[in-house]
Amino acid sequence: MANGKVIQVIGSVVDVEFSADSMPALFNALEIPRENGKMVLEVQSHVGNNRVKCLSFTPTDGLERGAEVIDTTRPLSVPVGRGTLGRIFNVLGEALDNRGDVKSEKTMPIHRLAPGMDELESSAQVLETGIKVIDLIAPFARGGKIGALGGAGVGKTVLIQELIRNIATEHEGFSVFAGVGERSREGNDLWHEMEDSGVLPKTTMVFGQMNELPAVRLRIALTGLTMAEYFRDEERQDVLLFIDNIYRYTLAGMEVSALLGRMPSAVGYQPTLATEMGALQERIASTKQGSITSFQAVYVPADDYTDPGVVATFGHLDAMIALERSLAEQALYPAVDPLASNSRILDPQVVGEEHYKVARDVQKVLQRYKDLQDVIAILGMEELSEEDKLTVARARRIQRFLTQPMFVSEVFTGRPGQYVSLTETIRGFKEILEGKHDSLPEQAFYMVGTIDDAVAEAKKLSAV
């Protein structure tokens with residue numbers, strides 16, 4: 001191992017000098033011994049005169065010029081394998097849950113190449129989530145990438161938590177959750193919820209939260225992904241990878257780019273935005289050994305879907321769940337917009353003719369209702385034709401039937417969560433479209449599971 005010395009410290013950026021014959025490679029981890037442990041840096045660039053520019057994963061308070069720096073000769077490596085299940089880690093692979101040492105003998109570097117083209121495997125198998133609006137309009141592909149897009153406070157994290165709960169309990173494989181630049185409170189809540197629901201023993205969690213240095217938030221997704229890759233490649237498992245929030249990964253890259261003095265690109269983003277996003281997303285792949293199905297929450301700043309940080313994610317997704325503020329304001333939860341959400345596998349050859357037709361007919365009715373809203377606002381319902389009145393009535397029932405009580409929000413709403421099978425979802429919407437429930441009041445369809453629950457709710461309402 002080569003030794004160098006600190007020659008400059010500016011915030012979390014540390015310049016280190018080595019001898020000419022022992023320069024560390026890019027992305028190597030460097031260690032600085034401290035009284036209370038060690039400080040870990042990552043080499044970002046060679047700046048000439050035998051100097052390297054590094055980013056620190058820990059606060060640089062008290063670091064002095066001349067301090068000794070040790071080159072570990074390899075990128076940052078984290079523990080992998082079954083010993084990581086049920087545990088919580090930071091970006092360095094250190095346990096955060098005060099439950100003793102990690103029983104894992106293997107480690108893997110967080111910087112790795114994506115699988116080769118000859119190793120990839122594409123799948124068109126539907127992964128049932130138990131959430132009606134998703135299963136009907138934007139079905140998930142096993143081994144695909146799914147994005148939940150929305151502004152602040154529209155329910156991205158709740159939706160991700162519900163997906164974890166539903167799929168982890170139904171799904172036999174392992175899950176990895178990466179908290180990227182999100183709230184520590186949400187991470188704590190999620191940990192306890194997973195412990196209570198019994199899915200924690202099959203889950204590995206990594207956190208790099210809002211208050212951490214940009215280098216941590218930039219690399220935490222790679223730490224989680226590396227753990228998921230081990231389960232896919234070595235254990236030959238189908239893995240679920242949850243990333244909340246992928247936009248914070250982009251934002252951390254922007255901060256790091258500014259710290260390193262790179263010229264900014266559009267809207268202040270880093271010039272390497274597409275490269276960084278591609279390097280992460282291309283590793284989230286399904287191979288002949290196993291699959292990684294990823295669910296990514298995507299924060300949309302100021303609800304602007306043209307923001308370069310959001311657009312950089314679009315091209316990598318197989319399905320897109322758009323969360324709409326106007327639906328959240330009407331308390332239509334989950335606030336998924338069925339007209340803006342889509343999936344690569346909503347195709348009659350994959351999901352079947354019946355599913356495809358029901359989904360498209362639901363969208364057709366909702367689109368017609370949207371087109372008529374201006375007319376209704378100005379002239380009122382009375383001016384509509386009988387056919388349009390019927391369309392509006394069914395659209396309003398469909399809107400309410402798309403809502404669903406969540407397991408993870410039971411404690412707030414007082415309504416028990418519902419898991420609805422895909423078969424029941426298709427049957428319910430088909431019956432509404434056929435007019436079998438035109439006589440039922442609209443409110444009977446709100447926050448229920450199956451269509452039978454809506455009929456039972458209507459009986460309760462009529463009895464009052």
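Every residue, even glycine, has its Cβ placed from backbone N, Cα and C.
For Gly150, Gly151, Ala152, Gly153, Val154, Gly155, Lys156, Thr157, the entry in Swiss-Prot reads ATP binding site. Under the three-state DSSP scheme, Gly150 (ATP binding site) falls in the strand class.
Same-chain neighbours of the ATP site beyond Gly150, Gly151, Ala152, Gly153, Val154, Gly155, Lys156, Thr157, judged by a C-beta within 8 angstroms of the site's C-beta center, are, in sequence order, Tyr299, Leu323, Ala328, Ala335. Taking the Cβ of Gly151 (ATP binding site) as reference, residues of its chain lying under 8 Å away and at least six apart in sequence are, in sequence order, Tyr299, Val300, Pro301, Ala302, Asp303, Leu323, Arg325. Minimal Cβ crowding within 10 Å, among the binding-site residues Ala152, Val154, is found at Ala152.
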